[in-house]
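Quick look at what TrEMBL lists:
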TRANSMEM  6-23  transmembrane segment
DOMAIN    15-265  domain 'G-protein coupled receptors family 1 profile'
TRANSMEM  35-56  transmembrane segment
TRANSMEM  76-94  transmembrane segment
TRANSMEM  115-135  transmembrane segment
TRANSMEM  170-194  transmembrane segment
TRANSMEM  215-238  transmembrane segment
TRANSMEM  244-264  transmembrane segment
Amino acid sequence: FSIPICLMYLVAIMGNCTILFIIKTEPLLHEPMYYFLTMLAVSDMGLSLSSLPTMLRIFLFNAMGFSPDACFAQEFFIHGFTLMESSVLLIMPLDRFIAIYNPLRYSSILTSNRLAKMGLILAIRSILLMLQFPFTLRRLKYCQKNLLSHSYCLHQDTMKLACSDNKTNVIYGFFAALCTMLDLALIVLSYVLILKTILSIASLAERLKALNTCVFHICAVLTFYVPIITLAAMHRFAKHKSPLVVILIADMFLLVPSLMNLIVYCKILGKLLNVCGRQELEQLGNKLSTSRHLLSFAMCLMPQRSLMKDWMMEVKSYVVQNL
């Protein structure tokens, strides 16, 4: 599994870096939808980089052990970026709802300052909710044999290794999981409102166009929440679960959403970049057409050769400066 997993990590990290670079350098992509996509790419990169050290050590160098402090730190970052991605997926339907319900006020409502404040609030929320995990786990006493079920540290997996009372960790872990499931419930409610708004549109073509803008986000929600729910259900209900299946699903929980987000959103970016390229070519063609008209105009107005040469030089300098 080492080569496929390393390739998946490489594709996920490089792909998200490419998305961030394209959005930063292309002015036409400085819109609310692509700012949300930037937040999503940062969350995906954080998840990938948080689990990368232990995954590479295990699959490439067969190094199984690591220190408790490193485990607790990794757990904080994995759960923190998971909650952050869940929060980004929660506010992304807001963008679609405003674009469909009130498109004329879309730019005035979702300004850059408001989006920056949203991103800051989401980051603070993730940090505050997950900051308790490392400290509560450090207070526990652990048995001599500590064997994790995954290739990285998760809270529900680590607290089972404790020999002392871990009731506080169970309650707080349930509260954090409830926050994530609350995000999912609010996403479903948001799409109920979006669907209600779409059905109120008279034109069938406009309905399909509005629905088409939501498909990409629905795919991102499914690829993020399905592995989480599957992994939580296996921890809670599967008594005779295969360790290999658990490890594979846990690795999918980190890698599949990042890869699927790349596939889904790169299609949008590709279409927009094609549009941007066509617009730039049209502008260049307009400039060339204007330059040719200027040359023809100069030749018609100035029949004398000496004066025409002077005019030609001036026109050429104008063309060079404006192309």
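Cβ atoms here come from the backbone N, Cα and C positions, even for glycine.
Within the same chain, residues 79, 82-83, 86-87, 89-90, 93-94, 96-97, 100, 129-130, 132-133, 136, 155-156, 159, 214, 218, 221, 225, 228, 232 sit at least 6 positions outside the transmembrane segment (170-194) and bring their C-beta atoms closer than 8 Å to a C-beta of that stretch. Using a Cβ-Cβ cut-off under 8 Å and counting only residues 6 or more beyond its ends in the same chain, the transmembrane segment (35-56) has close neighbours at 5-6, 9, 12-13, 16-17, 19-20, 23, 66, 74, 77-78, 80-82, 84-85, 88-89, 91-92, 95, 112, 115, 119, 122, 151-153, 220, 251, 254-255, 257-258, 261, 265. Ranked by Cβ pairs under 8 Å to the transmembrane segment (76-94), the stretches 115-135, 215-238, 244-264 are led by 115-135. The average pLDDT the prediction assigns to the domain 'G-protein coupled receptors family 1 profile' (15-265) is 82.
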